[in-house]
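Encoded as structure tokens, the structure appears first; notes follow it.
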Amino acid sequence: MVAAQAKLVYHLNKYYNEKCQARKAAISKSIREVCKVVSDVLKEVEVQEPRFISSLNEMDNRYEGLEVISPTEFEVVLYLNQMGVFNFVDDGSLPGCAVLKLSDGRKRSMSLWVEFITASGYLSARKIRSRFQTLVAQAVDKCSYRDVVKMVADTSEVKLRIRERYVVQITPAFKCTGIWPRSAAHWPLPHIPWPGPNRVAEVKAEGFNLLSKECHTLAGKQSSAESDAWVLQFAEAENRLQLGGCRKKCLSLLKTLRDRHLELPGQPLNNYHMKTLVSYECEKHPRESDWDESCLGDRLNGILLQLISCLQCRRCPHYFLPNLDLFQGKPHSALENAAKQTWRLAREILTNPKSLEKL
């Protein structure tokens, strides 16, 4: 048994050093190419409208606010200033979303975003995004990369297609630090010793973002109040949870396997599903020794089996907001197909670790 485990870990490490590192290098190169263009577009936006200031800065070889959706798809979060005159309200009526309401006694004129406040005093995510989309469309025509970049049509999101190869979504957002949403108040679960009080304090201090984007849980039934709502996102908090042991390596393996074998019709699975399942696996195996290098095979296998279970149940709860289903709106046939493919992949890796050389 120990010999079989060691063999699997050996082949996973080999796969990581060859395939995962190659994937990372290729994505880093793509990110540099994409960020040059996006920075130029955002510089042009700022000239037209100084309230939209580019926050796409490189720090320690990574760009703040940039998320990799897939090797050719990225999201750039554009942090806006001056949320201060609004109260953050998440009463759970819109899973995964919250609203920003003008604080009592505050005049509209005190806000930097006065013309985007609705009659009921809410700061409208949709109105801000609509204005931003117009500005980006104008900037694309003026910027120095205009020959290689164009807007993606037929969406209320701000999406750019670059060199016919990459798609980048630029999402206006507010950063919320020092507060924690009520809809995530149950976390951490009291009977689970992971992630420990110090890490919990770090994660909660990191806070979350409020994004102006279409909320998929409301697709097809968006009333005006709902389209004014902001989507909760915990990217930095989630990144903190992946620190230590072989967690990041495990996630890197899962992303690479997804890119190579689970990029399927209907796009049932993305990198975020993998990241979410790593967090759940950490709860199931709370001891640091469970994430030792020697346990890499067990952890990967556990996550793949959990993924199959989620696909078969057609439900993958968000880690911090369990009422939010990350498979919402995905075609059932696509989820079934993904379950079969994941099962084949898991069986192949477990019964014949050497097959990783071809995967």
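Even glycines carry a Cβ here, placed using N, Cα and C.
The ribonucleoside 5'-triphosphate binding site annotation in Swiss-Prot covers Arg23, Lys24, Tyr63, Glu64, Gly65, Leu66, Lys248, Ser252, Leu253, Leu254, Lys255 and rests on similarity to another entry. Here Lys248 (ribonucleoside 5'-triphosphate binding site) comes close to Gln242: these same-chain residues lie at least six apart in sequence, with C-beta atoms under 8 angstroms from its C-beta. When secondary structure is read from DSSP and collapsed to three states, Lys248 (ribonucleoside 5'-triphosphate binding site) falls in the helix class.
Swiss-Prot lists Glu73, Glu75 with the feature Mg(2+) binding site, giving similarity to another entry as the kind of evidence. Within the same chain, residues at least 6 positions away in sequence whose Cβ sits under 8 Å from that of Glu73 (Mg(2+) binding site) are Tyr166, Val167, Val168, Gln169.
Cβ-based neighbour count (10 Å, all protein chains) for Gly65 (ribonucleoside 5'-triphosphate binding site) stands at 21.
Rounded to a whole number, the distance between the Cα atoms of Glu75 (Mg(2+) binding site) and Tyr63 (ribonucleoside 5'-triphosphate binding site) is 11 Å.
Ranking the binding-site residues Leu253, Lys255 by other CB atoms within 10 A of the CB puts Lys255 at the bottom. Long-range C-beta contacts of Arg23 (ribonucleoside 5'-triphosphate binding site), restricted to its own chain and to partners at least six residues apart, with a cutoff below 8 Å, comprise Pro71, Ser252, Lys255, Thr256, Asp259.
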